[in-house]
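Colleague: Sharing a structure with you now.
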């Protein structure tokens, strides 16, 4: 049976996610920005939390773990090299591991850059990618701990997934990301279409995710650093893609 996925707004602009297996009743939270909204969503659905899948150690992604674990006695799956930072972890994960949530399965991808321990979770059967702060809609995370080449390789790993996968990211940053991207690719038709869609969704108070990876590949300038016209637009024709990506990320940092 397909997973039931619920988007749970948390904190100021974080997304929490509940992934429920209707066949077994198992439910996973992808990260735990804060406990109260997730508990409310679980209560509304009549679900019990069985697992938390942590993407990285930043406080706005793990702040609710202790309370949720105490309430539900759920298993906490966390990056293998975040041991000292996520003390509540029961299972340590690395590239190629598989997490089972009831009858659902998630592949673990290491996607370092934003942090060195960052993981993304791929639910192949449900065509869902939970990329947290590696890949945003029309954006990507700041590179706090890694390097620009490292982050670019992580983005390439996610870009290689099929177009029909849906992206579930860590924050509602899409409107500001669109504004920035249009400054580099004002004539990108896919980006223009996404901009209109985002404006409409936000006007209705709706989240801008999920979005398909196919759409992101056409409209997200951070995934397009190896496109010659993008390199030219930032004054780096012929430069290596990782360097072009770094320039785009620096512009976003300073914008």
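Cβ coordinates are placed from backbone N, Cα and C, and glycine is handled just like the others.
Source: prediction; values computed, not measured.
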Colleague: Out of 80, 171, which one does Swiss-Prot list together with 60, 61, 133 for Zn(2+) 2?
Modeller: 171
Colleague: Please state whether DSSP places residue 61 (Zn(2+) 2 binding site) in a helix, a strand or coil.
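Modeller: The three-state answer is helix.
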Colleague: List the same-chain residues at least 6 positions away in sequence whose Cβ sits under 8 Å from the Cβ of residue 114 (Zn(2+) 1 binding site), in sequence order, or say none.
Modeller: 56, 132, 133, 134, 140, 141, 142, 143, 144, 145, 146, 151
Colleague: Give the sequence-ordered set of same-chain residues, not counting 56, 58, 114, 133, with Cβ within 8 Å of the centre of the Cβ atoms defining the Zn(2+) 1 site.
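Modeller: For the Zn(2+) 1 site the neighbour list reads 55, 57, 61, 115, 118, 132, 134, 141, 144, 170.
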Colleague: Using a 10 Å cut-off on Cβ-Cβ distances across all protein chains shown, tell me which of the binding-site residues (58, 61) has the largest neighbour count.
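Modeller: When each Cβ's neighbours within 10 Å are tallied, 61 leads.
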Colleague: Using a 10 Å radius around its CB, how many other CB atoms surround residue 56 (Zn(2+) 1 binding site)?
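Modeller: Around residue 56 (Zn(2+) 1 binding site), other Cβ atoms within 10 Å: 28.
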